[in-house]
Amino acid sequence: MTTFSKTPLLDTIKTPEDLRRLKVEQVRQVADELRQETIDAVSVTGGHFGAGLGVVELTTAIHYVFDTPRDRLIWDVGHQAYPHKILTGRRDRIRTLRTGGGLSGFTKRTESDYDPFGAAHSSTSISAGLGMAVARDLSGGKNNVIAVIGDGAMSAGMAYEAMNNAGAMNSRLIVILNDNDMSIAPPVGAMSAYLSRLYSGKTYRTLRDAAKQLGQHLPKVIANRASRVEEYSRGFMMDGGTLFEELGFYYVGPIDGHNLDHLLPVLKNVRDMETGPILVHVVTQKGKGYPPAEASADKYHAVVKFDVATGTQAKAKPNAPAYQNVFGQSLVKEAEKDDKVVGITAAMPSGTGIDIFAKAFPKRTFDVGIAEQHAVTFAAGLAAEGFKPFCAIYSTFLQRGYDQIVHDVCIQSLPVRFAIDRAGLVGADGATHAGSFDNAYLGCLPNMVIMAASDEAELVHMVATQVAINDRPSSVRYPRGEGRGVEMPEVGVPLPIGKGRMIRQGKQVALLSFGTRLAECEKAADELAAHGLSASIADARFMKPLDEELVLKLAREHEILITIEEGSIGGFGSHVMQYLADQGMLDGGLKMRSMVLPDEFQDHDTPAAMYARAGLDAKGIVRKVFEALGKDYTAEVVKLA
C-alpha cells in the first residue's frame, strides 16, 4: 500500500538554502507543512508549544528572505524556536527534543551554526544582536542581524536598555517584535498592511532621508517643526510605534504575522535598508493552527505528550502534591492569619504557586512581569513599610536580581522573604534553568537566613518560619516536581532559627543533608547497613545560620562526615568545612567530604538521570563513603552479592 507524506514540500528542505530556491507561491505550503510537523513532533516529546505555532509563518518568511546563517538570527528566550530547528537541518532529530542526548529545547550555539546566540532566559536578544551588529561594522561586514523578541520579553528593562543604546548608535540592527498578546496595537485591516509596506519601501525611505538632509540646512525651529509633523503623521496613521521611534528605531507595523503576502514584502524591504535600527511589529496568535491551543493558550504554552486528535495531555496522576502548590497553599493559610502577607511573582504565577495565593487574595498579589530586579526592590519597599512580602522566583531567574538582593535587601536588613522554586536540577530545560547556584550566591551575604526543605511538610513549616522572621531577609529553596508523599501538618509551626534535626542515629558515618537529597541519604544508609556500616542521618534545615552544635556533634562522634546538597561548589558544604576548619576539627582523623553538583553545566535529561550522573543519588553517596574509607565500591558490592 502506498503511503503519502503529509509534508511533501517540507521533505525537500534540508536547510534554508533549499527553502530559498522555492517559488514565492510555494512558501505558504511550506508554512502549513511546518506547522503540522511541529504539532506532530511536540505531541511525541512535549515541550513549549503555543509560541512555536504562533511564529511558523514568521520563521518561514525570515529564512526565505534572509541569508541565514550568514545573516544572524537571534530568538529571544527560545520557546518559539522549534519550527526554526526543523528548517535548519535538525528535523531528523526533532523528536529527541529535551531528552537525554537529544536536541535542546532552546537555541544553542554548540548545536547549530543557525543558532548564533544561545537563549532561554528572557530579553537578551536585542543586546546580543546589537553586539553582533557592531562587530560586523567594525569588521567591515555587510550581513544582517535580526533579533526576534516577544511582547512579554519587552516587559524587562534589559530590552529597553539595549534599544536605547541601539537607537543612539544608529546601528543597522533589525528587531522583530512578535506581539502575540496584541498588547501594543493590533493590525487594522488592509490599510495597516499597505502603510507598513509603504513605510518600509525604498521610495518613502529615500524621500524621508532626503528631507532629513534638507532639514540640516534649514533654521532649527523650522527643521524641528517639520520633523514633528512627519512623526505625527506616521503616528496618526500607525498606532503603536511612538515609543520605538522615540528610542531611535524606524518603526514598521503592525502587520499580520500569519499573512505571508504582508510579511514577505515588508521583510524584503527591511532587509535592503542601509540604515537602522529598525523595528518590525508583527502580530501573531499563540497556538495558531491547532484549535485546542488557540482556545487555551495558557494550557498549551508548555505541554507534556498529547494526543493530536483531541489535544488531551498524558499527565500522570500525582503521587504527592507538587512543591509549588504546597508553597501556595501554605502562603494562603499564613495570609489568612496575617493581613501583612503579600505575594510577588515575576511573570510566573502558576509555576511558583502564587496563582493559588492570587485566587484567595487578588489585591495582595503582584505579578510584576519579567522584571526580577524590580520584583526584589519592590518587595524591599513593601518590607520597609511593615509588610511581609514573599518574592517567589525560580532559582535561575533570581540571579537576575542579585544586586538588588545585596544592595536593597541585605545591606538594609529588610525582611523580604524569598521563595526559591526550581532549586537544584530541573531536567528537560537543562543548564539554563538549573537552580544550581543560589546556595553559593546567597550564602556569602550577611543578614540572610537560608533554609532548604527536605520534604513538603518541612516546606510548610519553613513558610511559617519566614512569616515570623521580621528583622532580616530569609529564603527557602525547594525543587521542581512532587514531594515525597509524607504526612502533612494542618498548620505550619515556626522552626527554631539555625537548628537542624537528627533523622537517624548511627556510629561510623554521618550524612548531613541540606534539601531533598535527604531521601537518597536514607536509601544510602540502608545500603551501608547491609555492608556493616552504621550511618547517622541529619537534616540541616538551615545553611545560615549554621547549626554549629549539630555539626560539631556529628564531627566528634563519627569517623566520616559527608555533606550532601543540590547545589554548586561554594554552598552548604563549604560553610560546614570552613566552620570545622576554624574549630580545628579537620586537624585530626575526621574524614570530611562534600558532595555537590559537578563544576560544569549539565545537559538536559530527566532529573533522576542528571543527579545519578552528578553522583548525588544513593549509589553515589555509598560510593563516596567507600572512597573515604579507602575501599573499592565495586569490589564491596561484589562481596555483598
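Indices start at 1 and increase along the chain as displayed.
Just so you know, glycine gets a Cβ as well, placed from its N, Cα and C.
In Swiss-Prot this protein carries:
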type    : residues                                                              : note
BINDING : His79, Ala120, His121, Ser122, Gly152, Ala153, Asn180, Tyr290, Glu372 : thiamine diphosphate binding site
BINDING : Asp151, Asn180                                                        : Mg(2+) binding site
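When the Cα positions of His79, Ala120, His121, Ser122, Gly152, Ala153, Asn180, Tyr290, Glu372 are compared pair by pair, the longest gap among these thiamine diphosphate-binding residues is 33 Å. Least crowded of the binding-site residues (Asp151, Glu372), judged by neighbouring Cβ atoms within 10 Å of its own Cβ: Asp151. In the three-state DSSP scheme, Glu372 (thiamine diphosphate binding site) falls into the helix class. Each of the binding-site residues His79, His121 was ranked by the number of other C-beta atoms within 10 Å, and first place falls to His79. Rounded to a whole number, the C-alpha distance linking Asn180 (thiamine diphosphate binding site) with Asp151 (Mg(2+) binding site) is 7 angstrom.
On a Cα basis, His79 (thiamine diphosphate binding site) lies 13 Å away from Asp151 (Mg(2+) binding site). Less than 8 angstroms from the CB of Gly152 (thiamine diphosphate binding site) sit Ser122, Asp181, Ala347, Gly369, Ile370, each of them six or more residues away in the same chain.
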